[in-house]
């Protein structure tokens, strides 16, 4: 393991001071070895060993810590530079090495960090920035232009329409889709006193919180990576926050969790907990590599959920949740939700059918069309 990989779980611990009633333990927030990112209170002594290069196309190319290429890389992985994004890139790299002996040699796989629009604009809520692909566009452009060979994305960030000249032939096995409640003074949302502020940039989370707990307040401009948001919580900017349990597991930071919300309490985002890996349409070699890693059960579930999202034309301005899973009999169970941003109205639906691609896509679309019809014009403007 190189220094960059180990830094995710070792260096620079930040202690969250809990109140007497809290069930939250102290945590190790880790450090990031990345170029071109300003992450508060996070540093690494390995940074000095990296060099930053500016390409003619304007995107930042960066090595990760001391991950030096000993020869021309067979695969260049493009990723964002957050600790979670790097953890996902490392997971991809290790799975490729396990499957393909020719990729084991040092330098055979190189990681390129690319800064996205969502990384650059941190002062506004995502809903105010607008547009799609806030965390993927620049990485996809690097892929199309040949600067990288594969792009590792959090699937929940991937627009329903992929950029031209790209395909997404691989979903890694999905992590836990539920949301985690993080708080220094209470174990659950229900225990928070009236007027407490919950920090989340997600309209999906905001609408479901306010629907069930209208006495709480939500701070929308609560952005940044996991470490940054935990630091804001520690600093008293908010009393609690919700984070994807999948990300906390990948960062080995579940000790921060006060409780885990059930699917009835908080339906997840479409594709939450899933990693998607894209390549160029004409790159058969990379497509073959990625196909060898694909987890078909995850891919089918994501296809159902994204068909639902596409039907609703969902974006960061729309509170939408959806989750497809396989039951004990092997059937697909899909649950979908749309809400008004203020949480006063929530519409839900569900479907059950064969766990087969065509049937699951049809279920997702049908569920989306039902909720569109029930919502009516002006629903999302409330």
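Placed from the backbone N, Cα and C atoms, the Cβ positions cover glycine too.
Positions annotated as active site, proton donor/acceptor by Swiss-Prot, on the basis of experimental evidence: 157. Listed in sequence order, 118, 133, 134, 135, 136 are the same-chain residues at least 6 apart in sequence whose CB falls under 8 Å from the CB of residue 157 (active site, proton donor/acceptor). Under the DSSP three-state reduction, residue 157 (active site, proton donor/acceptor) is assigned to helix.
What Swiss-Prot records for 80, 82, 156-157, 200-206, 223-229 is dipyrromethane binding site.
Among the features that Swiss-Prot reports, phosphoserine is placed at 123, with the record citing a large-scale study or a structure entry.
The S-(dipyrrolylmethanemethyl)cysteine annotation in Swiss-Prot covers 316 and rests on a large-scale study or a structure entry.
Here Swiss-Prot flags 1-62 as transit peptide.
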